[in-house]
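Novice: Here it is: the structure, laid out below.
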Amino acid sequence: MGIKGLTKFIADAAPNAIKEIKIENLMGRVVAIDASMSLYQFIIAIRDSEQYGNLTNESGETTSHISGLMSRSIKLMENGLKPIYVFDGAPPELKGSELEKRGEKRQKAEELLKKAKEEGNLEEIKKQSGRTVRVTKKQNEEAKKLLTLMGIPVVEAPCEAESQCAFLTKYNLAHATATEDADALVFGTKILIRNLNANASSTSQNKNKNSSKRGYILTEINLEQVLKGLNLNMNEFIDFCILCGCDYCDTIKGIGSKTAYNLIKEYNSIEKIIENIDKNKYQIPSNFRFVEARDSFINPKVLSKEEIKIDWGEPKIEELKNFLIKDYNFNEVRVTNYINRLLKARKVTTQRRLDNFFTACTKKSTKLVNEESQIKKEVKPKRKGKKRDAPNDSSTKLNSKQNKKPKGEKESKTEKDDGDTHNGNDNEEEGGEGETADMGAKDPFDTEEDEDNPSVNFFHHKSDSESGNVKKESTEQEANATPTGDVYSFPNGKDASGSNIHLSSNSTLHSCNNLNGDKAINESMHVVGSSAPEAGNNEIGNGDLFTSNAADCVNNNTDKTQAEIEMKKKNISFLLPYCPKNVTSVKKRKSVQRC
């Protein structure tokens with residue numbers, strides 16, 4: 001059931017927290033999916049067109065869930081989304097009363113369904129058949145086996161799937177939770193995605209309005225914006241949801257979402273509401289277990305981050321064929337088509353989001369600034385503040401004024417090495433399908449760290465002091481200014497040259513300890529007003545993502561215009577790893593700094 005009336009209330013009271021997105025917006029994202037909810041939707045959606053019964057094999061076993069799960073998973077991957085399916089464990093004891101009520105409703109629906117079949121009322125048959133559906137343990141096990149054979153990760157929650165999904169987002173192992181149960185927000189999921197399985201199959205009799213010409217539309221709810229829009233902290237939000245009505249306890253009769261919100265705003269907690277409420281007007285249940293319900297939301301039974309294993313395995317093609325064709329009598333041609341789509345879809349997930357490709361231009365390190373200051377003292381420029389044509393040109397002029405110091409010879413060699421590196425990248429781009437640039441890129445489904453290919457190689461460029469690209473600043477004050485805005489550092493909060501990063505109070509440090517695949521997202525950090533960030537401050541903002549293979553955008557012919565649009569939105573200069581040839585500077589904006 002989730003939280004009664006929560007989505008509608010949020011839409012009215014905190015409209016900025018809800019927005020419509022297209023499935024394409026989730027490209028490159030890892031999404032934790034409530035598997036039981038998905039299977040339920042597939043069984044309802046994929047039915048016999050005449051009697052609205054489940055699809056079955058020759059033995060009479062239901063196959064709707066298998067067909068829907070396979071088709072939908074491939075479709076998600078074809079759009080670049082990386083799904084993790086989370087299955088329910090044992091239901092919590094507090095939910096016993098709610099489960100009994102659901103059982104009674106299902107029994108009543110079965111009686112009405114039987115009557116509708118006797119009367120031949122197809123509309124009533126369709127209505128009641130959906131209410132009698134339940135996902136069995138056997139169907140869950142079949143779904144797990146199918147996903148494993150497809151190479152898609154499965155997580156078995158010790159209790160509720162939506163709470164485990166929420167904690168996957170808290171652990172930064174997933175971007176969002178996909179479920180229709182709004183209580184995922186109460187468990188603390190950062191982002192909730194609804195309608196992910198809308199129009200689950202082309203065989204469904206009802207085309208969802210969201211699958212219109214304008215695209216496959218999803219609903220995204222952002223928890224941070226919910227709290228901001230309602231002006232509640234998380235504890236107040238949890239108590240508000242309990243008062244609205246949840247699965248874990250009864251609620252106070254006569255209190256709906258609007259009244260609950262007003263009471264929470266006035267008294268801040270359920271305890272104080274009970275103390276001050278008009279007992280004649282509102283009847284409090286004799287067994288109002290709100291304290292236990294609150295604890296279930298705050299401290300749910302979930303796997304810890306260390307206990308979770310996300311296994312992006314290779315598809316087991318032959319076993320998958322046998323499972324579908326021999327065990328469940330799927331058409332061989334149809335299965336072959338699914339497998340071909342699956343293999344192609346895995347390649348789509350290697351394409352990174354455009355905002356992953358661009359990273360804000362790295363600010364100069366203290367070490368580099370000091371070196372430049374020393375140069376300025378030794379060599380006075382002809383015109384103070386004169387704009388240099390390019391870093392290489394300026395460094396060449398400086399070296400000529402220093403009477404060919406030994407350092408200049410070393411720098412020339414470094415520049416040559418950099419040129420070779422780019423040539424090597426170009427050769428990789430010209431290679432066959434599936435080849436990647438030499439930057440430590442891995443199979444997107446491989447999450448293990450490559451010790452032989454440190455994450456720092458992702459950028460594959462040397463600091464200005466190492467490469468000879470020493471750039472003069474117009475004034476001494478500018479050269480020694482504390483960097484503000486977005487500062488991107490290498491491991492341990494250091495910059496490209498190995499010096500510590502010094503931040504202003506308005507700075508945000510992105511400490512990239514591991515830039516291989518999704519771990520880059522997991523280990524990115526926002527550290528505001530601190531020059532000594534600690535691991536664990538994992539607050540990921542929109543667009544603060546990285547790619548382990550910047551050449552993907554080049555290999556896939558990134559649209560120049562679209563790239564410039566994204567850059568204009570950020571209104572900053574960028575550092576482009578491997579400097580793609582088909583992306584140029586944005587006019588009337590700060591120029592793109594080449595590698």
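Start at 1 and count along the chain as shown; that gives each residue its number.
Cβ coordinates come from backbone N, Cα and C, glycine included.
Feature table excerpt (Swiss-Prot):
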- 1-106: region 'N-domain' (REGION)
- ARG47, ARG72, GLU160, GLY245, ASP247: DNA binding site (BINDING)
- 124-267: region 'I-domain' (REGION)
- 350-358: region 'Interaction with PCNA' (REGION)
- 370-493: region 'Disordered' (REGION)
- 392-401: compositional bias 'Polar residues' (COMPBIAS)
- 406-425: compositional bias 'Basic and acidic residues' (COMPBIAS)
- 426-436: compositional bias 'Acidic residues' (COMPBIAS)
- 461-475: compositional bias 'Basic and acidic residues' (COMPBIAS)
Novice: Would you find the one among the binding-site residues GLU160, ASP247 whose Cβ has the most company, meaning other Cβ atoms within 10 Å?
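Specialist: Max Cβ neighbours within 10 Å, all protein chains included: GLU160.
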Novice: According to DSSP, folded down to helix, strand and coil, what is ARG72 (DNA binding site)?
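Specialist: ARG72 (DNA binding site) sits in a helix per DSSP.
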Novice: By DSSP, how many residues in the region 'I-domain' (124-267) are helix, how many strand, and how many coil?
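Specialist: Split by secondary structure, the region 'I-domain' (124-267) comes out as 66 helix, 20 strand, 58 coil.
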Novice: If you run through the region 'N-domain' (1-106) with DSSP, how many residues end up as helix, strand and coil?
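Specialist: DSSP composition of the region 'N-domain' (1-106): 55 helix, 20 strand, 31 coil.
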